[in-house]
Amino acid sequence: ILLFTMVDSQYFLPNDIGISALDCTEAFRLLSPREKLYAHYLSRSAWYGGLAVLLQTSPESASIFVLLQRLFRKQPAAQLESMATAAGLSPEEYQAFLVYAAGLYANMGNYKSFGDTKFIPNLPKEKLKALVWQSQAFQDSPSEMEALWDSCSTLLFSLEDQQKQLGLGDKGVTTYFSGNCCLEDAELAQKFLDSKNLSAYNTRLFKNKSEEGKASYEVRLASAVQKGESAMSYLKSYDCVFMVSRGDYAYLMKKVSENLEKAKNHAANENQKRMLEEYAQSFTFGSIEAHKEGSRFWIKDKGPIVESYIGFIESYRDPFGSRGEFEGFVAVVNKAMSERFAKLVSSAEVLLPELPWPKDFEKDRFLLPDFTSLDVLTFAGSGIPAGINIPNYDDIRQSEGFKNVSLGNVLAVAYATQKDKLTFLDEEDKDMYIKWKGPSFEVQVGLHELLGHGSGKLFVQDEKGNFNFEQDNVRNPETGEQITTWYKGNETWDSKFSTISCSYEECRAECVGLYLCLNKHVLSIFGHEDEDAKEVVYINWLNMVRAGLLGLEFFTPESKSWRQAHMQARFVILRVLLEAGEGLVNLKESTGKDGRPDALITLDRSKVHTVGKAAIERFLCKLQVIKSTADVEGGRALYEGYSAVSDTGSHNFLRLRETVLLRKEARKMFVQANTRVKGHVELVEYEGSAAGLIRSFTERFADDAEEVEAHLLELNKRDAPCWC
């Protein structure tokens, strides 16, 4: 019984979950009136687009969102509480409902953005129904509210095996593909997209009933325009038909474009104006080429006071690894922190040759990027990262450049840790860990984003047969032999390595961070010298191996699949460092003071610069060579081998996973401010609580809530038959 309860609890958000307000008061105050208007309209654009994530996550997410919006628009959390009491909910059950609602808003759906597991309300279904029936929203519109409840209540609480996590086919739930699609369909669609030089980033795939014995597919582009060019294509070698259509999330894309046009009137320079024009084109017509062009202007817009990016960006949650989830952020530069990152950028060309691969495997020239620390004003999407390296378009990153950002006000609250909640560490390490976790993570994020994602060359033969490397001279440092594989034509890293591409690349970037943080010059850039520098290195490496252990929470034994790219990457690094031996890392199972299973992970600091460095050096070189040479087979064998979680070998990782689940701490949620124009732009802030998070969302769409909700339900209804 204990085991059932323990595992089941991963599908609830705990009542005491950490919820923090993202503080951007000072950063916003320092903006000029024009910059505030620019930030306001960009934020509106991001928030409208962010609603698409509901439709990208699960069949029921949009309906649940509308149900919650209608409840809380009529009655704020404090008022609704008396209805909850009348409906028979205890204070704990009402708090559980508020936490669930906050979780749905924070994740933009009912699956965790970090880990992709479903979460359900931690109270009986009958009690939640009674609360809905007691509410003012129900009294005002009983038939509408009942229909809304009926449309989503079953899936809202369901924990059938397939519904417990996101995934393709029988492995989970996805709305990137219709319910009748499997991995083979995804692979076939990728071949079609490659043949037409189309990107998958802003698409979804719908498989229709066969026509004349041929499979028929619709590739749907996200765009405001619903009509226009549609291409019927016949893939002869595979005996199937593809149609490309427009108009996915049409209403939302229209709102995104309209607000980008308004932001353009307050842009600071020509690059910003051209960038926003191209973005608006992209969201209007579904053109990734226009988004790429906008990204080129964005790269040229060096050191803006108000920084932003918007689009279908990260492909972590597409089970195939090619389709982007919508996100948009608006942030203000933190000048003091940015100076440190600028020094790191100026040292990049000295640090790149330190990486453990031959110079042929490095970009021909390093394009010095912007690297700034930002305080987030708005981050719309399913979650907020600590750092970002964008754009994700390989062709632009390789030849034109990129930008790095570290999100300072996110780092400030996301990684603050209480000693009594620190698991799996020796008591002697805990105080040091709390003291140095923030500074060490800042170093790791900087190296990971700039020199991790920013390094390494892809060997390409273009459509005209030209190579971007000396085919006859470049040797594989692992074998000493000539290179025999490379990327051809329109092939990209994502399209070639598909399901492993995201996690593999995060692993490579994390390894670069571990490797280069051993460099004294790097540490001094961040203000760490002598003994302090040693502590930063030790805690950075200790944090990585602990994160590898914590990563087991995100592995699903039933499907043998990982649900979070970064945590899989950290587990792989833990395996590599355990394999290095010589007492570098020790991982032991134990029994805690509470009598329940526990574990202890330790790192021998005297061996980090020797055994540790050598192990990461070897592994990092392998990762880069495989990536450069498009060696998919070798990459899968290596990465999936280290990603395997079993109960055999020197460590019983399946049993350790149960221990990790037993002692896990829920990931924090963030409350973000709103902006509104009343003659001038006002910043509206909310308290760091479930009620504050809920209120921020009900006020976010205050002017056109009914219209937005009606369109969301219409978009959801249109696709409902596709998920069966």
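FYI, residue positions are counted from 1 along the chain as it appears here.
Cβ atoms are placed via backbone N, Cα and C, with glycine included.
Fair warning: this is a prediction, and the values are worked out from it, not measured in the lab.
Annotation for Glu449 (active site): spatial neighbours Phe371, Gly387, Ile388, Asn389, Asn404, Val405, Ser406, Ala509, criterion Cβ-Cβ under 8 Å with sequence separation of six or more. Annotation source TrEMBL lists active site at Glu449.
The Cβ neighbour count for His453 (Zn(2+) binding site), using a 10 Å radius and every protein chain shown, is 21. Among the features that TrEMBL reports, Zn(2+) binding site is placed at His448, His453, Glu506.
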So of His448, Glu506, which of the binding-site residues has the fewest other Cβ atoms within 10 Å around its own Cβ?
Glu506
Within 8 Å of the Cβ centroid of the Zn(2+) site residues His448, His453, Glu506, which other residues of the same chain have their Cβ?
Asn389, Glu449, Gly452, Glu505, Arg508, Ala509, Glu510, Val512, Gly513
